[in-house]
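Here is what TrEMBL records for this protein:
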TRANSMEM  36-54  transmembrane segment
TRANSMEM  96-119  transmembrane segment
TRANSMEM  181-208  transmembrane segment
TRANSMEM  220-242  transmembrane segment
TRANSMEM  254-278  transmembrane segment
TRANSMEM  311-332  transmembrane segment
TRANSMEM  368-386  transmembrane segment
TRANSMEM  407-427  transmembrane segment
């Protein structure tokens, strides 16, 4: 208790070094602004700064991309959606580093680490507000209760707690230490996994002549490619510095196997891996904080900390969905033109890499436009599913008190599918002319896949081909851009909204519960 009291006093002294306006802004954001608006502003500002940096830096080619496409690319990198409107090889080395930074700070693991820092700040402020002279006085004035306090689990509702069950000073100290330890664990996991991946990919690209020659022909530095690809994969973005994405490396099975684990480590299997790391640290250090993190993870308010049982179900669900996709992909595409020129081992690794990226990294070793419609529908379903989707045999019912706290706004919001249907309709309206004149490229399935891909922050796209145009003309030129790259600016703007909506979808996962279908 004394240690925690000393820390709060030290924290208060350190806070004096910050300008008063900044301290006021932090307190206002912490206690009066919903986390949704904080994250919306974060990604909006990040996208705007990324656009300005791309605009004021020189591309590799003499022809500069237009401003709207640069902003579209910046939003795509910041929200880790990887929707391509500009050929990747247009960007210079400095611009690729900039996009790497946007993906680095836009990934879910990094932003969750910022949430932990913010939660720790709110905890210290909550304790300090109990009594400006003596934070641990039993008669101290209680801080105001706000909804986002309850969501993070930093305080409890006073009228529902007896006196002997109110949070003690030791519980605040333990919670603060848990937040601190968890922050360092996430930071270590975040850095070590990507550092190891960067080292292995760099080594592979240096030692394997075929891979080295590809980068040499495209004038891409090995270090830039390795860093860009690993950061992109771990953040579940799907950007690759080459125009063809990973299709140009479809015969480099070793490279695909080195990249493949990062699809899981930064996305679907992050909670089980994090839990395993904390279990290892508990066994080595025997610290009380690690035991508390494993047994009372809900009190910490970190969404990526799941129970051991839930982690087991999550691993089983991820493996089962991948096996189902792989079997379907193998049975329908194994002897098609898509696999032409590949041996058995290359087909096996390429197929595994492709189906794994449907949730949610979005890197491709095959042209999606050449795949069967059944496989594309399966990919659409996989992209729609949230990363921590699990099959749970036992369902926990919501308690009555929680149900009663729903506001009128919560009861009126639509479900995720409703919003996606609206977005698809809007895109069909903005691209109505192309749907009539170019139906082989512009069709509802292609638009649906693009919208769901943007919503899932995946980046899969069927692309665009001039050969599929019914009325050929000399002005059409094939380029390595996604299908949305050929949309009008209105259609791209709708997709920008979808990318933001998809990146922040966790705030509306329970939307539409008031609608009863009978």
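Glycine is no exception: its Cβ is also placed from the backbone N, Cα and C atoms.
Bear in mind that TrEMBL entries carry predicted annotations, made automatically and left uncurated.
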With pairs 6 or more apart in sequence, are the transmembrane segment (220-242) and the transmembrane segment (96-119) linked by at least 3 Cβ pairs under 8 Å?
yes
Apart from its near flanks, which chain residues at least 6 from the ends of the transmembrane segment (181-208) lie with a Cβ under 8 angstroms of it?
109-110, 112-113, 116-117, 120, 215, 222-223, 225-227, 229-231, 233-234, 252, 254-255, 258-259, 261-262, 265-266, 273-274, 277-278, 281, 287, 289-290, 293, 300, 302, 305
Using Cβ atoms and a strict cutoff of less than 8 Å, what residues sit near the transmembrane segment (36-54) while being 6 or more residues removed from its termini?
29, 67, 70-71, 73-75, 77-79, 91, 95, 98-99, 102, 105-106, 111, 118, 500, 503-504, 507
